[in-house]
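Undergrad: Submitted below is the structure of interest, expressed as C-alpha cells.
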C-alpha cells in the first residue's frame with residue numbers, strides 16, 4: 001500500500017495534563033514487520049528521523065477531534081496526538097485507522113475509552129443503546145438523574161454521549177433553558193445546571209464542538225449561572241457581553257481567526273470562572289476540555305504569525321509618534337497578552353513565535369515605548385521585555401551591543417551626540433527605570449533587577465570558536481552601563497555615613513548591592529578592575545553605618561564575597577585602604593547584642609583564620625588587635641593572633657618551615673597504612689623519650705634515620721608539643737557561664753608580639769570557671785598532666801557555647817595526633833611489641 005504523506009505535529013500528554021510538542025514531520029501508514037501489523041509512521045521534516053512509530057492496535061480507542069486532530073492512548077497515562085495541517089490528510093489517516101479496526105470512518109471514536117468490566121460488557125451485548133427521555137420541561141429532573149447516574153460508569157458515559165450526539169439533544173436542552181428563564185422556573189434551571197455540568201464531564205470533543213459553537217456557547221454559560229448551591233445566580237453573560245469588550249486594536253481580516261479568538265476566550269472563561277473547581281476524579285474527566293483550549297491557542301498564534309500585514313501594522317503604529325496615547329496603550333497591552341499567550345506553547349512553537357517578533361523589530365519598538373512618560377505603557381513594555389529576556393537573553397544582548405556600536409559610530413562623527421547616544425541604550429533605560437521606581441515596595445525594580453541579572457549571567461552566554469559572548473558583552477556592559485547602575489550608590493556615599501537613609505533608598509541600594517555581589521562572584525577581572533579603579537568597596541562599606549540592618553548586611557555580604565575569592569589583588573586593595581575599619585567599628589558598635597550582624601562579622605574573620613589568608617591575618621592583628629583582644633566568647637580572634645604569631649615565628653626561623661616540608665615529604669612518599677602505623681608509634685612515644693631527643697620510627701625506615709634530618713625534627717616536635725599545650729590552655733579560657741560584655745576601644749596601633757613558646761605562659765593561664773580539671777581547680781595545682789588538659793578541652797567543647805563558636809583547627813596535622821592519643825591500650829601495645 002502506498003504511503004500518504006501529510007504534514008503533522010506530534011504531541012504527547014505530560015504529567016500536568018499539558019501537551020508537549022515532539023516535532024513536525026510527515027505521517028504515513030504501512031506494514032511494519034517488526035511490529036507485525038499496520039502502523040503509523042511520522043518522519044521529521046528537518047532530518048528524516050523517526051518521530052513516531054505506532055502500531056494501529058485493533059483494541060485502541062482512537063478519537064478524531066476538530067477535523068484535524070487524532071488522539072489516542074498508547075499505554076496507561078501515555079496519550080498521543082497528531083495535529084494535521086490539512087483536513088484531507090487527517091481524513092485519509094482516519095480512514096486507514098478505521099479500516100484496520102473494521103470501523104465506519106464516519107464515527108469520531110473507534111473504541112470505548114476505558115475498558116469496562118465483564119459484567120458491563122455482557123450488559124452491553126444484551127441491551128440496546130441508551131434511550132433518552134423526551135426533552136420536555138416536566139422531565140428535566142429525570143434527565144438530570146440519568147446524566148448523574150451515567151457518570152460513574154465508562155460504558156454508560158459512552159452510551160449517553162452517543163445518544164446526545166445522535167439526537168441533537170443539546171440544542172433541545174438549550175431551548176428549554178430559554179423557556180425556564182422566561183417562566184422564571186428556578187427548579188428547572190437548577191436541573192439544567194446539573195445536566196450541562198454532567199455533559200462537560202463526559203469528556204467528549206464532538207459534544208464540545210456543539211456546545212462551544214457561536215449559536216450555543218452563551219446559552220451554555222447561561223445554564224451554568226444557576227448553581228443550586230448559590231442563593232443568587234451568577235451574571236457571567238452580562239460580564240462577557242458588557243464588561244469584557246473585544247478591542248480590535250489592529251483590524252483582523254480573517255473571520256475564522258476572529259471567531260477562534262472569541263471562542264477560545266469564552267471557553268477559557270468557562271474553565272477558569274464558570275465551572276466549579278473540579279475534584280481529582282472530575283479533573284481527569286476534563287482532559288478533552290484542556291486539549292480543546294490548547295490546540296485553539298496553537299492555531300491562533302500560528303494564524304497571527306502568518307499574517308504579516310497584521311504584525312507590520314502593529315509595530316508601525318507602536319513606534320509612530322502620531323499614535324495617540326490611548327491607542328498606544330491598547331497596542332502595548334495587546335502585544336503583552338500576545339506574548340503571555342505564547343507561554344502556553346511548547347519550545348518549538350515559542351522559538352518560531354519570538355523569532356517572528358524579533359524579525360518584526362520588537363526590541364527597537366520596546367526601546368521607544370520604554371522612553372515614554374506613560375507609566376502604564378512602560379509597565380506593559382517591561383513585562384514584554386521580561387518575556388524576551390527569559391526566552392532568549394542572547395538575542396537581547398546582541399541587540400544592545402549592536403546599538404552601542406551604532407552609537408559609537410555616530411559619536412565619532414558628531415561628538416556632541418555622545419551623551420545622548422549612551423542615554424538611549426535599551427539596557428540603560430532598564431537600569432534607570434529600576435533606579436527611579438516610585439513604588440514604595442520597589443516591585444518593578446525587583447523585577448528589572450532579575451532581568452539584568454539574567455542578562456549579565458555568564459552561565460547562559462554563548463561561546464563559539466570565533467568569539468565569546470561573555471567577553472564581548474561584559475566589556476560592553478562595564479563600559480556603557482555599570483556607571484548608570486552604581487550612580488545611586490556613589491551619590492549616597494560621599495561622606496562617612498549614607499547621605500540618604502530612608503527605607504526606599506535603602507531598599508534600592510540593597511538591590512544594587514545584590515547585583516554587584518553577583519558580579520563579583522561571576523565576572524572575575526571585569527568587576528575587579530571596576531571595584532579597584534572606582535574604589536567601590538570603600539563606598540559600599542559606608543553603608544555599614546546605615547540604620548537599616550538589612551542594608552548594612554548587604555554591604556558586609558559584598559565584602560565577604562570579595563574576601564571569599566582569596567585574590568591577592570583584592571587583599572592588597574583592602575589593606576592599602578584600611579577597609580576592615582568600617583567592619584570593626586560596626587562590630588564594636590553592635591556591642592553585646594547577639595544578632596545576625598555579630599554572627600556575620602565573626603564568620604568573616606573565622607574564614608580568614610581557617611583559610612589561613614596570611615596577608616589579611618597580619619593586617620587585622622597589626623591594626624585592630626587592641627580593639628578585638630578582649631573578645632573571648634569565641635576563639636576566632638585569639639586564633640587569628642595565634643596564626644599571626646606562627647607566621648612571625650616562621651619568618652624569624654625559616655629552617656622551621658623547611659623542616660616541616662622535609663618531614664611531610666618524607667612521610668607522604670609512603671603508603672597510607674605505613675603512614676598511619678608510624679603516626680601511632682610517633683605520638684605514643686613517652687614525653688621522656690621526646691625530651692631526650694629520640695625518635696621512634698618503623699624498622700623499615702631505620703636506614704633513612706639520618707642525624708642531620710632527625711635532630712632538627714626532634715627539636716621541632718618539642719616546640720610543637722609546647723604550642724599544643726598552649727592552644728589547649730587557650731581553649732580552657734572559654735567562659736561557660738555565659739557571654740561577657742566587654743567594653744571595646746578601637747585602636748589602630750600594632751599589637752605586641754607574644755612569646756607563645758615560653759614555659760611560664762603555658763602554666764599560668766587562668767582556667768575556665770566550672771571546668772573540671774582546669775589549671776585553676778583544686779585538683780590540678782601547678783603544671784597540668786597531658787590527659788587532664790585534654791579532658792578539660794573536650795569538656796569545654798561539649799559545654800554551653802556562644803551563638804557563633806568554632807572548633808580550634810589551627811593545625812591540620814594535630815587532628816591525627818588527637819586521635820592517636822585516645823587509642824585503646826591494646827592497640828598501642830601492638831606497636832610497642
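Cβ coordinates come from backbone N, Cα and C, glycine included.
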Undergrad: Can you tell which of 153, 741 Swiss-Prot marks as phosphoserine?
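TA: The phosphoserine feature in Swiss-Prot corresponds to 741.
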Undergrad: Run through 117, 231, 743, 747 and tell me the one Swiss-Prot describes as phosphoserine.
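TA: Looking at Swiss-Prot, the phosphoserine feature maps to 117.
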Undergrad: Among 412, 655, 753, can you tell me which residue Swiss-Prot lists with the annotation N6-acetyllysine?
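TA: Record says 655.
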Undergrad: For the domain 'WH1' (1-100), what's the model's average pLDDT?
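TA: Mean pLDDT, the domain 'WH1' (1-100): 83.
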